[in-house]
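Presented below is the structure to which this report refers.
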Amino acid sequence: MGLVVVGAGGRMGQTLIRTIQSIEGAKLVGAIERSGSPFLGKDAGEVTGIGTLGVAITDDPLPVFAKAHGVLDFTSPAASVEFAGLAAQARIVHVTGTTGCSAEDDEKIRAAARHATIVKSGNMSLGVNLLSVLVQKAAEALGPEDFDIEILEMHHRHKVDAPSGTALLLGEAAARGRDIALADNSVRVRDGYTGPRETGAIGFATLRGGSVIGDHSVILAGTGERVVLSHHAEDRSIFARGAIKAALWAHGKKPGLYSMLDVLGLNT
């Protein structure tokens, strides 16, 4: 499967390029960067330190998409909306792990999925997506009258959105387990005199610092006991492997918007 990596010069872009080389059935056929990037014109393999691959980095995505089977996208919300539209024009797979999308961004990506096969997830790792299933089951079994749910996440100092896409993914799983809407039942900030905790609310706490790739814990706190479900990312390659797995799964599927739960057969 011929894959294009967008944001090829970034941390995740370089990880994707390296990881593609180790996965059977996947081949790098294109690499995209923003206009003005210092990586333009350079070989994608040389940029990532793995030697020449014969794929030059360009800022003109559509001709590259037209010759590919899929695109791997961990960029920004605005860029991901654009790439989803271009993937729809080219009728190819679009796998995006971009976080921080607004409701309007999500609607545009959903519209592009009428013509592109799109896999979108706040986290592409296999472990986190299994964790989301466990969180849903735990939230359903341990009701709001007895257990409060708090989600704690920590990432490196360079991360620009909060809570993380993974924290929100886990929050959505908890909300499904409780049969409530996360948007109406989440607490993102606590400061000053807040009063007692509201029954049934799902709280979020965000930490930023150092080089932490991603730590997430879902805490179900009851009277006299706590259940903690956690995931610790130790290498960005887990996200890259998941994204490539998603692309290979989506290749040949009908257009639509899918999640990693679909890819892993965990969607209930």
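Using the three backbone atoms N, Cα and C, a Cβ is placed for every residue, glycine included.
Per Swiss-Prot, the candidate among Glu33, Glu145, Glu150 that belongs to the NAD(+) site alongside Gly7, Ala8, Gly9, Gly10, Arg11, Met12, Gly97, Thr98, Thr99, Ser121, Gly122, Asn123, Met124 is Glu33. The Cα atom of Arg34 (NADP(+) binding site) lies nearest to that of Gly9, taking the recorded positions Gly9, Asn123, His156, Lys159 as the candidates. For the binding site of NAD(+), formed by Gly7, Ala8, Gly9, Gly10, Arg11, Met12, Glu33, Gly97, Thr98, Thr99, Ser121, Gly122, Asn123, Met124 according to the record, the largest Cα to Cα distance is 22 Å, rounded to a whole number. Looking only at Cα atoms, Gly7 (NAD(+) binding site) sits nearest to Lys159 among the recorded positions His155, His156, Lys159, Gly165.
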